[in-house]
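Read the structure below first, then the notes.
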Amino acid sequence: MKRCFEGIGLQCFLKDGPMAATQSQKYLLVFDFDETIVNENSDDSVVQASPEKKLPESIRQTFREGFYNEYMQRVLKYLGDQGVKMADFKAAYEKIPYSPGMQELFRFLSKHQNHFEIILISDANMFGIECSLKAAGVYSLFRKIFSNPSSFDKTGYFILGPYHSHNCPRCPSNMCKQKILIEYLEERAREGNKFERIFYVGDGANDFCPSVAMKSSDVAFPRKGYPMHQLIQEMEKNQPRAYQATVVPWDSAIVVCSHLQEVLKESS
């Protein structure tokens, strides 16, 4: 399977690499949002704010694989045409339930912020993510959030844009999470911050892409039975030893929490 960046892995930017530096937060913890932090796809959830609470078939039929961001732009225009305003979107995002065990995991992380630098990489949108995290009281845990830019125009329509362009054949046209993660690690390395290990919590096919660049001391937490988990299993079957990260599937974030607790015990 081809990597996004030939010859470049996350190993280049870890603490045992050539650019090692001292830092207080030894671990980088990366989260996805939809169906990882929250227990639903937030793009589906906001449709509930429309009068019909569903999309017409004429909109649904415009979806093309790999061009989800463009599809959501059409969905949001339709919702605007139906009179859905910023307050409606905000309320919808704030109501999305969190995944099992996620609140417990965040409580653990809030007590151990000196050990974990936490970022979020999501193909949702900045407005929705910020609404959800602030409502749950966990927004301040995240050092940085990477997601598609979003805003409301002067007529009240919710406007969504692509995050970036890239050449990765594996990812949707608007976002490659491996590219984002590698660029973040490069940035932190220039600032003198290095990480001993990376932990990645996700569920989707686009979470698989960054995880293939992780090394054996890193840990991938794929949601059990979801596309990320399935793709890892497929790679392990078809290309033994090609997938290097340790794999810890989860159906409750308590699994993630327990693993991180053990990591801290072992390092103390």
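Positions of Cβ are set from backbone N, Cα and C atoms, glycine also.
TrEMBL entries are annotated by machine, without manual review.
Sequence-distant contacts of D203 (Mg(2+) binding site), defined as residues of its own chain at least six apart whose C-beta falls under 8 angstroms from its C-beta, comprise D32, D34, E35, T36, P222, R223, Y226, P227, M228, H229. Summarising the annotation, TrEMBL assigns Mg(2+) binding site to D32, D34, D203.
Annotated active site, nucleophile per TrEMBL: D32, in sequence order. If you draw a 10 Å sphere around the CB of D32 (Mg(2+) binding site), it holds 26 other CB atoms from the protein chains shown. In the three-state DSSP assignment, the secondary structure recorded for D32 (Mg(2+) binding site) is coil.
The active site, proton donor annotation in TrEMBL covers D34.
Residue density at D123 (substrate binding site): 24 other Cβ atoms are found within 10 A of its Cβ, drawing on all protein chains shown. The substrate binding site annotation in TrEMBL covers D43, D123.
Counting every protein chain shown, the Cβ of D43 (substrate binding site) has 18 other Cβ atoms within 10 Å. Summary of the Mg(2+) site environment: with the site residues D32, D34, D203 set aside, the chain residues having Cβ atoms within 8 Å of the Cβ mean position are F33, E35, T36, I37, S122, G202, G204, D207, R223, Y226. Within 10 Å of the C-beta atom of D34 (Mg(2+) binding site) sit 22 other C-beta atoms, taking all shown protein chains into account.
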